[in-house]
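J.: This is the structure I want to talk about, given as structure tokens.
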Amino acid sequence: MGARASVLSGGKLDAWEKIRLRPGGKKKYRLKHLVWASRELERFALNPGLLETSDGCKQIIGQLQPAIRTGSEELRSLFNTVATLYCVHERIEVKDTKEALEKMEEEQNKSKNKKAQQAAADAGNNSQVSQNYPIVQNLQGQMVHQAISPRTLNAWVKVIEEKAFSPEVIPMFSALSEGATPQDLNTMLNTVGGHQAAMQMLKETINEEAAEWDRLHPVHAGPIAPGQMREPRGSDIAGTTSTLQEQIAWMTSNPPIPVGEIYKRWIILGLNKIVRMYSPVSILDIRQGPKEPFRDYVDRFYKTLRAEQASQEVKGWMTETLLVQNANPDCKTILKALGPQATLEEMMTACQGVGGPSHKARVLAEAMSQATNSAAAVMMQRGNFKGPRKTIKCFNCGKEGHIAKNCRAPRRKGCWKCGKEGHQLKDCTERQANFLREDLAFPQGKAGELSSEQTRANSPTSRELRVWGRDNPLSETGAERQGTVSFNCPQITLWQRPLVTIKIGGQLKEALLDTGADDTVLEEMNLPGKWKPKMIGGIGGFIKVRQYDQILIEICGHKAIGTVLVGPTPVNIIGRNLLTQIGCTLNFPISPIETVPVKLKPGMDGPKVKQWPLTEEKIKALTEICTEMEKEGKISRVGPENPYNTPIFAIKKKDSTKWRKLVDFRELNKRTQDFWEVQLGIPHPAGLKKKKSVTVLDVGDAYFSVPLDKDFRKYTAFTIPSINNETPGIRYQYNVLPQGWKGSPAIFQSSMTKILEPFRKQNPEIVIYQYMDDLYVGSDLEIGQHRTKIEELREHLLRWGFTTPDKKHQKEPPFLWMGYELHPDKWTVQSIKLPEKESWTVNDIQKLVGKLNWASQIYPGIKVRQLCKLLRGTKALTEVIPLTEEAELELAENREILKEPVHGVYYDPSKDLIAEIQKQGHGQWTYQIYQEPFKNLKTGKYARMRGAHTNDVKQLAEVVQKISTESIVIWGKTPKFRLPIQKETWETWWVEYWQATWIPEWEFVNTPPLVKLWYQLEKEPIIGAETFYVDGAANRETKLGKAGYVTDRGRQKVVPFTDTTNQKTELQAINLALQDSGLEVNIVTDSQYALGIIQAQPDKSESELVSQIIEQLIKKEKVYLAWVPAHKGIGGNEQVDKLVSQGIRKVLFLDGIDKAQEEHEKYHNNWRAMASDFNLPPVVAKEIVASCDKCQLKGEAMHGQVDCSPGIWQLDCTHLEGKVILVAVHVASGYIEAEVIPAETGQETAYFILKLAGRWPVKIVHTDNGSNFTSAAVKAACWWAGIKQEFGIPYNPQSQGVVESMNKELKKIIGQVRDQAEHLKTAVQMAVFIHNFKRKGGIGGYSAGERIIDIIATDIQTKELQKQITKIQNFRVYYRDSRDPIWKGPAKLLWKGEGAVVIQDNSDIKVVPRRKVKIIRDYGKQMAGDDCVASRQDED
């Protein structure tokens, strides 16, 4: 924090600490606000160093100000802090933040006026648009664009990954895209193109805005004058139909057209929509995490509360109830003890350091030490005393310049108050916070090297001399405390001589701590008391000394009394006689890697899976392996107190007689917390820069070198069984990361990165690529120097317990790394041999496809489409599959390609990347990325069909998208593309179909076959061509259908089909029209499905029928396709509909429409009810609702989405027309009882509850804290009727807001029927009737009335069934899974039906067919092996 704290110094810091956060508030700015601000700036990709000057603050304000309106609270706080800091730098006197903002505004207004005057004078001189993406003037006077940097792109990708479209994304996007061109913005969007749903929303917004732009800026008639630029269209602004040069010209013309800013505004509009969709936060969702500090939780709670749409009273209730209710258990206990009237300040004080990670206690210690400091220090804090400021010193490591909160050193063990182990500060019973900085004895500035068994900040495996401080043995408590070890002690490393300052006889001397010396020997000095002569032997011979007994000596602040020898010694020595008294120990720490804390998923326990029987040879092999592992400390034995178990087994190693131990961690993996993978992919050799010297290392026993969290080890327990259960099994648990456990890769990678970090910093000229246990080390050093560095690296790794075996240490090329073969100036994949086989199984083909995919990185032209087709459907791995002719041909072609070895080259950052794409046919594409022709960096293929129907242009865009993403990952930039498509073809397509996956810079390359559009649909009807009205119909039950057409020239045709659907017949009808028409034709359909397929102009399809239509379309000269709504009485459409419906559609529903409309006018029932009651198609029923003006106020309310216990009702009062309506909702069904009550009193409410209980089974009523619900009358009524009353939040958080939404729904229905009733109470009962019986939807598609009856009846049946289930519990089930032939079990029988049973195996509930289970009675603890009861027992 040293750098961050240096933002202000001296008088400026005093001025800063006088400014109040709010006008009239108590809190003032402190140093911590500067630290926070500098951290926040890093998140916005801004340099924290800018805070040190007023100009820097101005620049920050300029970046943040545009985003303030849409920004989050954090952004606003950051802006306020920087504005206040600016005033301090400029020495503008301000009292609080508000005043600082006003002064800032005044300054900005002044500077705006100055700039306006200067702009006129400087026009033409300054062409720089932005700092971020400058469009600069080169030496020739041309405007040149500097492309967006990979660092900015990386920051943007990280923002999306971390924030996941939370509100902070918008200001961050705004800051990162300052001054960008549309092409830059498209590059940014391309990098996050994988978020398809979000990109789709963004695309729609951009489409709308572009259309609006085109509407407001119509094209001028006539040709453009020479030398004049054309005006940008909407698609030009979005960078789809404009070139980079055009964009630069628009942005730098006079007057400029800021296409970048306009496009950015459109994107921000789209991002706003996305944010609203992705971040719907309700106050009920705000809960304190198990390790979240209370202060952070309160911040989130109030931030959300401010946005909540509720009255002040409701917000008050939320603060009183929800804040405590949703705190974590630790904080909740403390808050409840404080009582109901506690202030927020008291709550935060009480919960400080509780509920957060252990390091939060450091903050509390810091605060306590400051609180106990002298009054002068307090005066200085307040700014009353201008004396010299005391330097900040860390409590954790003792260094100056930062506080414990920001300390990077590992946390010291033990309590921060008394120094003892076994508890933390919050649990300390010591009354005095004896934690003043002077108590820490850190001799000679070595305070940074603190004692900790687990971590070493500076010297991982150094021998260390540690002085364990005991309390003064002369004190009263000395006798009690003998042997108590305190961690408040120095640690002295042995890289240098351990010299310390000692105090003896009132004199200070320097002495050497010598654990090899028996006695303490000091140079000539006078000591009080009697002495005896003595001779002592040393390395230089014997010397005469004086022996003084019972001498008091102070070493590192710790006192000891013992014998001291005085004589002519070359150096003062403190020997073991005194070192043992002060608890000094010599330590040899090993494998000091910091353990990563790991937890199970909330609410889950460890695995308890039984060990299955193993053969004798496997047991012997496992016993040998585990004995060896135990000796090495990788595993340790556990006793019967550990209830957890994971099964193990053994397999033979490949081409060896040795055995390998495998642990089946599937169950533990399900229960372990999720981890963030540190690396998202593997490094690629094409991204390596060419290096003079290269070495490849492999870390031996990688996982077994990293310790596992002590508290988690018990869950990894496993058992080696004995033969024939002769003795109990031997049980072990892992002390290190186990193979096969889900946390091992992430923890190993994280540990390895931390270990390599200091080496990387010391040797920036060396490149280390790290993936799991494979290390690639490259440098431009001479080979001798390079190898010296490699040895340093190996030594560095060895200090941390990582070995790099010589066996896998590759010094000479070719290097085998990550499946690649690396040479000094080229690379390839390790040799690939395709197997020759007579017959191919599914497994063989899967392996073959995997090999070919791997080879396609560098071998251009590899295809696998036909081979993949063979694997379609669910097939057993051993099933033999005959190769089709196409697959055999494809395989033969691939063999030819692989015959000649192909190499790739390394990346040169000074040259441009170029990507060239070729079409291979059958939807397959190949591409090469290179910097020099015929020297490929890498190659690849693409054969994915994103939809059933597509065309080449669409697929080409997908290939480009894939290559762009791949290039950004490997090289941090996108290549220039060379595509086999004419510019005209491209523009024809994208004028209609532009979207959020834009093409970067590209040029046409004439590589056959070229991509083209095979046919085009007309925009307007073709005059003089015959018009075909087409339609199709099918019966769902019989699958019979008809397709046909009627033309405007009197022709008609109907063709019957079998085994068809409505959608197929619609397409068949179009196909018929195309077959029977001339070269020009107009076709009118009422099918949106058919229209959607054909308008996208596909040229290939998986559907045979669509392929036929495509063939017909290619033959035509002109085709116009139009859509009309069905059943609207449109001439030709109505005729053809009747023609194809005869004998197909069961009932002509037209008769029911009038009745349905009539009923809707009365009851305003929803479309589901009408579709069900009058046998109408959903589209017709929806049309009736759509045409009703009273039903268009809002969308329909969702019913029945909450599934709760049958006896829960929620009650609430709502107000309408000055009257009170009491509403009761049955939570599970959405059924309503409501009444207008004379007054909102307890008496009326109690009477209503009794009426409700008389009609329905009511077990629980959930209400708010209104006075009528908390009254004695209601309590008495509930007690009499046996109803439990709940307030606040019900236990099921899903059921929140049920009454609120029903109130709105009821008011909406009342509004629809109000004019039919004179009195409100009549309208209320009409609305209740409509809601309960005339609206269908939700669970089961019932009305609420039907649903409540169904739920109550089901509840009664379930209770009856429950009685029978207790009988079923006495049975055990053995069962087989779909493919696995081994019998599993025993499982618990939950339910037995005719065709299947429901069983519970461990915690999983499964449904298994009857034919795959054996049900037996539970005969106690007898083992059910393959040859005992389970196999022989008849089925029950």
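Easy rule for this one: first residue shown is 1, then count along the chain.
Heads up, the Cβ atoms here are built off N, Cα and C, so glycines get one too.
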J.: According to Swiss-Prot, region 'Interaction with host CALM1' applies to one of these ranges: 8-43, 728-763, 1376-1411. Which one is it?
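T.: It is 8-43 that Swiss-Prot annotates as region 'Interaction with host CALM1'.
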J.: Can you check which of 73-77, 448-452, 603-607 Swiss-Prot lists as region 'Interaction with membrane phosphatidylinositol 4,5-bisphosphate'?
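T.: Per Swiss-Prot, the stretch marked region 'Interaction with membrane phosphatidylinositol 4,5-bisphosphate' is 73-77.
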J.: Can you tell which of Glu1161, Glu1300, Glu1305 Swiss-Prot lists as binding Mg(2+) 3 with Asp1212, Asp1264?
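T.: My reading of Swiss-Prot gives Glu1300 as the candidate in that site.
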J.: Going by the Mg(2+) 2 site in Swiss-Prot, where Asp1031, Glu1066, Asp1137 are listed, which of the candidates Asp952, Asp1086, Asp1173 is also part of it?
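T.: Between Asp952, Asp1086, Asp1173, Swiss-Prot records just one in the Mg(2+) 2 site with Asp1031, Glu1066, Asp1137, namely Asp1086.
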J.: So which range, 815-823, 1022-1030, 1067-1075, 1247-1255, gets flagged region 'RT 'primer grip'' in Swiss-Prot?
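T.: Region 'RT 'primer grip'', as annotated by Swiss-Prot, spans 815-823.
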J.: Out of the binding-site residues Asp774, His1160, His1164, Cys1188, give me the one sitting nearest to Asp1086 (Mg(2+) 2 binding site) by CA distance.
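T.: Closest candidate to Asp1086 (Mg(2+) 2 binding site), judged by Cα separation, is Cys1188.
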J.: Restricting to the zinc finger (1151-1192), report the mean pLDDT as a whole number.
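T.: Result for the zinc finger (1151-1192): average pLDDT 73.
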J.: Beyond the listed site residues Asp1212, Asp1264, Glu1300, identify every same-chain residue whose Cβ lies within 8 Å of the center of their Cβ atoms for the Mg(2+) 3 site.
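T.: So the additional residues around the site are Gln1210, Leu1211, Cys1213, Thr1214, Thr1263, Val1299, Asn1303.
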J.: Return one of helix, strand or coil for Asp698 (Mg(2+) 1 binding site), based on DSSP.
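T.: Asp698 (Mg(2+) 1 binding site) sits in a strand per DSSP.
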J.: Taking Cα atoms as reference points, rank the binding-site residues Asp774, Cys1188, Asp1212, Glu1300 by distance from Glu1066 (Mg(2+) 2 binding site) and give the first.
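T.: In terms of Cα distance, Glu1066 (Mg(2+) 2 binding site) lies closest to Cys1188.
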J.: May I ask for the distance between Cys1188 (Zn(2+) binding site) and Asp1264 (Mg(2+) 3 binding site), taken between their Cα atoms and rounded to an integer number of Å?
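T.: Here the two Cα atoms lie 36 Å apart.
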J.: Of these binding-site residues, His1160, His1164, which scores lowest on Cβ atoms within 10 Å?
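T.: Minimum Cβ neighbour count within 10 Å, taken over the binding-site residues His1160, His1164, occurs at His1164.
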J.: I'd like the number of other C-beta atoms within 10 A of the C-beta of Asp1212 (Mg(2+) 3 binding site), please.
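T.: There are 19 such Cβ atoms around Asp1212 (Mg(2+) 3 binding site).
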J.: In the structure shown, with every protein chain counted, which of the binding-site residues Asp698, Glu1066, Asp1086 has the densest set of Cβ atoms within 10 angstroms of its Cβ?
T.: Glu1066
J.: What's the number of neighbouring CB atoms sitting within 10 A of the CB on Asp774 (Mg(2+) 1 binding site)?
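T.: The answer is 19.
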J.: Around the Cβ of Asp1264 (Mg(2+) 3 binding site), how many other Cβ atoms lie within 10 Å? Please give the count over every shown protein chain.
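T.: Summing over all protein chains shown, Asp1264 (Mg(2+) 3 binding site) has 18 other Cβ atoms within 10 Å.
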